[in-house]
């Protein structure tokens, strides 16, 4: 169920990310530079109103009875969560580093026009959705292989990244970009539910902090993209950038073997939970149990 729900969310996120270049380019070209931002502002306002209407905030009393989650600094030092966070950051580096650099490379190397640059990423939306669908179906049939789906996705990302500099026209560029987005779909759809499972079996089943760590992983990749990628292209070249990103993903894929036995983990029970689950064994235990219930 988590894989399906997160897969739907990831498909929507990918649509927003991959449709942004042609959306902004067309509106900028024909309506001016202010119109894209005005349209986005209206969409955000409408979405906020819909959230208030369909998903109102919880009542104060209901929130007070919710369990307290594990602090985020403790989750960050969990080795299993750290491996997943590293994979999420690494697999998104090619997308984050290519978005600010591929347009200039296409114009310089193949003389691409503005509309070709704008439409480069849009076809990649469809293999991304396909990757989400495939991973959800595989996770339902073979849930113990989530780590393998993530490793396979990183291998596909690595190979696709290395193929980008070899492209010589607009049509050829679309193929490795589709491979990158397909691989990202495999990694995200497989590993994001794994984060929730790790919290269930190793910590308290409150998920805000662990998904904040996932967001931090994405943010690190996209924050470094414009700065680091531009500097690498300037000093070493576009081909070296892609080879480095591909090598990083291929080398990180075997690290996911560390997650191989995660599905066999059992929830850890605290002393309090054990006491509550066990029946009273004597008069003293009976009295203490009645006091606890009171």
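Cβ coordinates are placed from backbone N, Cα and C, and glycine is handled just like the others.
Annotated transmembrane segment per TrEMBL: 35-59 (among others), in sequence order.
The transmembrane segment annotation in TrEMBL covers 80-98 (among others).
Taken from TrEMBL, the feature transmembrane segment covers 118-140 (among others). Long-range contacts of the transmembrane segment (118-140) within the same chain, counting only residues at least 6 positions beyond its ends with a Cβ under 8 Å from a Cβ of the stretch, are 3-4, 7-8, 10-11, 14-15, 17-19, 21-22, 24-26, 99, 102-103, 106, 146, 149, 153, 170, 173-174, 177-186, 189-190, 193.
Residues 87, 90-91, 94, 98, 102, 110, 131, 135, 138-139, 173, 175-180, 182-187, 189-191, 194, 238-239, 242-243, 245-250, 252-254, 256-260, 262 of the same chain sit 6 or more residues outside the transmembrane segment (147-167) yet have a Cβ under 8 Å from a Cβ within it. Residues annotated as transmembrane segment in TrEMBL: 147-167 (among others).
Outside the transmembrane segment (173-198), and at least 6 residues removed from its termini, the chain residues within Cβ reach (under 8 Å) are 2-3, 6-7, 10, 14, 18, 78, 80-81, 84, 87-88, 91-92, 94-95, 98, 102, 106, 120-121, 123-132, 134-136, 139, 146-147, 149-150, 152-157, 159-161, 163-164, 167, 207, 210-211, 213-214, 249, 259, 262-263, 265. Under the heading transmembrane segment, TrEMBL lists 173-198 (among others).
Remote same-chain partners of the transmembrane segment (210-233), defined as residues 6 or more beyond its termini with a Cβ less than 8 Å from a stretch Cβ, comprise 72, 75-76, 81, 84-86, 88-90, 92-93, 95-101, 104-105, 192, 195-196, 198-199, 203, 240-241, 244. Positions annotated as transmembrane segment by TrEMBL: 210-233 (among others).
As annotated by TrEMBL, transmembrane segment applies to 239-259 (among others).
Taking Cβ pairs closer than 8 Å, the transmembrane segment (239-259) reaches residues 79-80, 83-84, 86-87, 90-91, 93-94, 97-98, 101, 146-148, 150-152, 154-155, 157-162, 164-165, 183, 194, 229, 232-233 in its own chain, all 6 or more past its ends.
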